[in-house]
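Let me begin by presenting the structure, written as structure tokens, before commenting on it.
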Amino acid sequence: MSSQEEIQFDKATKEILVRLVTALLTDKPKDPVPYIYSYLTDLSKGQVPNPINDNELNELKNLKKKVEYLKDQLEDHEDAHSDQSQDEDEDEEVHEIQPKKKNIKAQRAGVSAEVYGEWNKKGDFVPKVVPKSQETKTKLKKRLLEAFMFNALDEKEFEIVVDSIEEIKVSQGDLVIKEGDEGDCMYVVEQGTLTCTKLFKGNTEPTFLKEYHPGEGFGELALLYNAPRAATIKAKTEAVVYKLDRDTFNNIVKDAAARKREKYENFLSSVKILSSMDPYERSKIADALKEEKYKKGDFVIREGDIGDKFFLISEGEAIATKVLKLGQPAQQVFGYNRGDYFGERALLTNEARAANIIATSQDLIVVSLERETFRRVLGPLEDILKRNMDIYEEYTKKQL
């Protein structure tokens, strides 16, 4: 197989998986295995939107075989499980946990946080409390606000997270996360620098991916998707990190993020500059939005400032004012209400703001997205805009 064919094959696989993940995130099936099997079957028959090409169809057949295998394995497991007597329940629980040698108590809690039933109701979650001084709490709150994954929390949820977080000091060269391990916590950097590497298939040495600096978080993907660690994180310097356990993350942070995503996903689809994005990409943007609050008369944006944020109005009203004649006061040129957006060109370029945006309601709540956050989550907006050349040309002409 030529390198060109391999690249084409990878793209086909990615396209199918993106559609499948989007469908899973949208429909949230209780039993994902039959759902995946049914979805792939319908896709191969052309019964779902966006017909597929020959390359995608071939890869789809391979995926169906894998799903059928997993389905058989699941049925075998269920049959074997039903043959066990109820008297062996306690032994079964120990047997399932034993292969994971590290920190049995922590892992048992992690599993129970995700499997809910009569014996383990979600409402029974009791957050842990790690004693800390008020000074430490204040420092911690400030740092967490820099990590977008915590911006969906309300005041009570935020306090729960702050109380449950542990401060961990690591020395230069210490291993914080190892690729392939089970994830039972996530981290936010307070001090120092950490490096992220990954061992790709066919390589003998890990590949450097990025560095993590104060305010950045890592390790949440393993908790969100109940997957092994995707990379290795080591301390490049002496560092201090904040550690959040799986239980608190799943019961507080993940639930809050889901509510936030649901609130903003559909609205993001109405933003013209983002209309070329698929639902999965919009969900990632919704997760990255930060909430900001203003009082009547406050400036959200000042004319002439360099723009680096895009804003959506969640609650309240605002106006745009602009100096139309040199030497004269700025005049109102536009009004904004709930659901309106402004500053979207800041995602594309760092040009100066063309107008002031001023809060006119007693309270104005907006959510913002920084250009660098957008790039970190999805890459350059220019690449996404090029999917719809009419929109891309419209925005590039405005830069001339």
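Cβ atoms here come from the backbone N, Cα and C positions, even for glycine.
Remember, TrEMBL labels are computer predictions, not curated facts.
Feature annotation from TrEMBL assigns 3',5'-cyclic AMP 1 binding site to Glu220, Arg229. According to TrEMBL, the feature 3',5'-cyclic AMP 2 binding site maps to Glu344, Arg353. Here TrEMBL flags 75-84 as compositional bias 'Basic and acidic residues'. What TrEMBL records for 85-94 is compositional bias 'Acidic residues'. Annotated domain 'Cyclic nucleotide-binding' per TrEMBL: 149-270, 273-395, in sequence order. The feature region 'Disordered' is assigned by TrEMBL to 75-106.
Note on the domain 'Cyclic nucleotide-binding' (273-395): its mean pLDDT in the predicted model is 82. Arg229 (3',5'-cyclic AMP 1 binding site) is 41 Å away from Arg353 (3',5'-cyclic AMP 2 binding site) when you measure Cα to Cα. The DSSP secondary structure for Glu220 (3',5'-cyclic AMP 1 binding site) is helix. Spacing of Arg229 (3',5'-cyclic AMP 1 binding site) relative to Glu344 (3',5'-cyclic AMP 2 binding site) is 34 Å (Cα to Cα, whole number).
Counting residues of the domain 'Cyclic nucleotide-binding' (149-270) by DSSP class, helix then strand then coil, yields 40 helix, 41 strand, 41 coil.
Here the CA atom of Glu344 (3',5'-cyclic AMP 2 binding site) lies 28 Å from the CA atom of Glu220 (3',5'-cyclic AMP 1 binding site).
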